[in-house]
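Trainee: My questions will all concern the structure given below.
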Amino acid sequence: MDSWVRFLFLVACFLPALVECRVRNYKFNVVFKNSTKLCSTKPIVTVNGKFPGPTLYAREDDTVLVKVVNHVKYNVSVHWHGVRQLRTGWADGPAYITQCPIQPGQNYIYNFTLTGQRGTLLWHAHILWLRSTVHGALVILPKRGVPYPFPAPQKEVVVVLAEWWKSDTEAVINQALQSGIAPNVSDAHTINGHPGPVPACPSQKGYTLPVESGKTYLLRIVNAALNEELFFKIAGHKLTVVEVDATYVKPFKTETILVAPGQTTNVLLTTDQNSGKYLVAASTFMDSPIAVDNLTATATLHYSGTLSSTPTNVTKMPLINATQVANGFINSLKSLNSKKFPATVPLKIDHHLLFTVGLGVNPCPTCKAGNGSRVVASINNVTFVMPTTALLQAHFFNISGVYTTDFPANPPITFNFSGAGPTNMQTTNGTKVYRLAYNSTVQLVMQDTGMIAPENHPVHLHGFNFFQVGRGLGNYNATTDPKNFNLVDPVERNTIGVPTGGWVAIRFRADNPGVWFLHCHLEVHTTWGLKMAFLVDNGKGPNQSLLPPPKDLPKC
């Protein structure tokens, strides 16, 4: 396989008149590396020894090949978050959904094409809690000669936000699963791998972003955190939002952006000060009474010519429960909807789906801390059970007994969803998918429930982008709420927040055959079972069928 890849690459490079050089080769060595933060050292799982991991660069329509070699004791898989993976579901990455994981000592080449996509995405591990340190940015530049639909920046900077635990994250979640209660929250947040000074470790260094006065910088901001939505702000500067989740938006200025786990936001930063040092900060947003890591990560925007001893200009971050700030940002996002980048919102809908998302409580005789119960999560009261054979393999090879296609289109029980909920909070367990015909259109309303506690759920759909056509508080009303839908220029995303005690409505076209994961991107909720999958059948056309699996696809 490697020699074949090199041959293709050489052909592409030496025949520029015939074909643009567009095969990008990367190698990911998954290895342990000791890392010191918060005045303590621990071994972490990394790609190529880096935290965050390396940024992948490519251009729209390039083919990317990433050879992942597993040198650690855990099974590994890597997801290319937001990549459409048209007909190449085998390269999507979620373990036991589209592939069996890469076992210790084994390797796998992820092979995919960035068809019609440009912007900032991310990659991360998609098994266990490894993505806490196994993650990085994926930058897709426009085709050569194609400008951005906004003023060209003089420089581009990747900014990866994440969380840091002093303990081993696998031990954190394993202990929680044994006890039946929530896992410990992280000990700090990081900006490009650095928390900045914190009370428990005032000597902790922060990230420094050097800038020159009078220039425009494009910041590609990625939230790779496991469990927390984050506000992001730079003292003394406004940010112009131009893109989210690798889709262009109508530009608008703001002091604060909100980015949920799995989401990306591109902003233009104009360095309109003469000199100085300015605080860059990331802090948690949580408008529900749930324990979070409330430490603010800090970095420094450092103008050239400014002495290091110069005091840093600070900024006041929004309150942790600043729902108004969060909603103000979310409601400002609109698709660019230009002639070149139209918003192709489905207007005729084949499947009207209503999914409740939230928590529950199931019996667990061994869970002493949970008094014989464990906290779980569900969609339409189904707590998803991970299979031991990948769903995509079971679908492609017609292996029976792995999943059923009876995932409910509506909640099995109707109640006051945004209220306290029923007294019986038990869920059903199952490995269920919802089947869609190729090219059918879907409207999916996701409704938060108040069972245990209402909470904002950032939900990610693999294999597709979708349009957020509506959003509101309380219970979704199928008669009145659609009258207020935005079907002209709704924001297009791959990860969307279901608001606390509210609902969000999305639309998409099922034009990608395969099995596609839908799950909360708060890792604790995914672990607890807030996940399901769509099975999209092949179409009838020549390019409407799932391609056969590669020969090196890992075996379970």
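Here the Cβ of each residue, glycine as well, is placed from N, Cα and C on the backbone.
According to TrEMBL, the protein has these features:
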SIGNAL    1-21  signal peptide
DOMAIN    33-143  domain 'Plastocyanin-like'
DOMAIN    156-305  domain 'Plastocyanin-like'
DOMAIN    407-539  domain 'Plastocyanin-like'
Trainee: Per DSSP, what is the helix/strand/coil residue tally across the domain 'Plastocyanin-like' (407-539)?
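Mentor: Final tally across the stretch: 10 helix, 57 strand, 66 coil.
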Trainee: If I take every residue in the domain 'Plastocyanin-like' (156-305) and average their pLDDT values, what number comes out?
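Mentor: Mean pLDDT, the domain 'Plastocyanin-like' (156-305): 97.
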Trainee: May I have the DSSP-based helix, strand and coil counts for the residues of the domain 'Plastocyanin-like' (156-305)?
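Mentor: Per-class counts: 11 helix, 76 strand, 63 coil.
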